[in-house]
């Protein structure tokens with residue numbers, strides 16, 4: 001919305017006196033900063049009202065697994081669906097500060113809200129039925145896959161460059177794997193995988209939101225560089241015109257995430273729920289596909305990959321041998337069973353996320 005101010009200054013001569021000031025709205029960096037502040041302020045201002053409303057409507061709050069760590073039973077009654085706070089702040093910040101004519105913004109936002117709706121319905125069933133399982137995992141994955149496939153098809157159609165359906169290999173200069181139209185399926189796998197990996201990570205207060213913000217900040221930088229022809233040429237990365245605007249969307253999420261963390265810090269006043277975790281993971285996946293840095297997402301989001309792999313390994317091992325590799329999965333629960341306190345796990349996982357983000361960003365230069 002604010003992006004139109006510079007257009008008004010060109011259309012109506014009366015705005016000419018303010019043209020120097022309004023010119024700052026041309027800059028993605030300025031609008032990204034504005035989106036950060038807007039997202040944070042929205043959640044700070046409306047967060048308490050949303051939490052009170054959800055607490056009243058949900059009554060008993062999110063069900064707690066009885067087979068999990070006993071310390072989690074103290075969290076009984078905490079409302080869930082906190083992702084609504086994040087998605088609201090994200091949407092407001094994006095609508096106000098992003099270029100409304102940029103298709104990449106709307107595609108990624110559609111994936112985010114679509115995954116958020118799937119997570120919301122899952123949370124709704126858990127709360128109303130007071131069970132730790134929502135609707136069937138197969139149906140949920142099918143809906144997520146449908147959303148992701150449509151989004152990836154749209155992304156490929158936007159960029160007719162043959163490289164748009166190729167996979168770039170980090171660290172290796174000019175090395176790509178050409179997938180053709182199969183890239184649509186691969187991209188959908190990345191988006192769905194990212195959504196569910198973040199969902200599995202969201203098991204402790206503050207555990208998921210900070211790594212998500214770290215990954216988002218990293219991809220804000222990548223999107224800005226990939227969307228700038230000069231920087232992309234200098235770094236020898238794929239130039240994707242228009243994707244720089246995704247930095248504004250990332251900024252809105254950073255601000256909304258900071259606001260949510262205020263209320264999610266231990267002891268949490270609200271849980272993100274599937275509403276937030278699926279949406280944020282799906283958003284990261286969609287941005288990675290849009291800017292052609294899918295493998296880099298696996299590095300920067302390595303913590304999410306670790307959580308997802310721990311569940312897969314646990315399930316496969318138990319089905320094949322009847323034995324479990326970890327005391328409990330996802331892996332953050334394994335460390336709880338080993339005696340680590342919740343703050344120890346959360347902060348150490350944050351540190352790992354920072355190191356992985358630095359490793360992922362290093363791929364931009366090391367080629």
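Backbone N, Cα and C atoms are what each Cβ position is placed from, and that goes for glycine too.
Feature annotations, courtesy of Swiss-Prot:
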TRANSMEM  34-54  transmembrane segment
TRANSMEM  78-98  transmembrane segment
TRANSMEM  101-121  transmembrane segment
TRANSMEM  135-155  transmembrane segment
TRANSMEM  175-195  transmembrane segment
TRANSMEM  206-226  transmembrane segment
TRANSMEM  246-266  transmembrane segment
TRANSMEM  270-290  transmembrane segment
TRANSMEM  295-315  transmembrane segment
TRANSMEM  344-364  transmembrane segment
Leading contact stretch, 101-121, 246-266, 270-290, 295-315, 344-364 vs the transmembrane segment (34-54) - CB distance under 8 Å: 246-266
Interface present between the transmembrane segment (295-315) and the transmembrane segment (246-266) (three or more C-beta pairs under 8 A): no
Proximity of the transmembrane segment (270-290) to the transmembrane segment (344-364), 3+ C-beta pairs under 8 angstroms: no
Other parts of the chain folded back onto the transmembrane segment (101-121), taken as Cβ under 8 Å at six or more residues beyond its ends: 81, 83-84, 87, 90-91, 94, 134-135, 140, 143-144, 147-148, 151, 154-155, 158, 191, 195, 199, 242-243, 245-246, 248-249, 273-283, 285-287, 290
For the transmembrane segment (344-364), distant same-chain residues with Cβ under 8 A (at least six beyond the ends): 170-171, 204-207, 210-211, 214-215, 217-218, 221-222, 225, 235, 237, 266, 296-297, 299-303, 332, 335-336
Chain residues in Cβ proximity to the transmembrane segment (295-315) (below 8 Å; excluding those fewer than six residues from its ends, i.e. six or more beyond): 167-170, 190, 193-194, 196-198, 200-201, 211, 214-215, 218-219, 222, 281, 284-285, 288, 324-326, 329-332, 334, 349, 352-353, 356-357, 359-361, 363
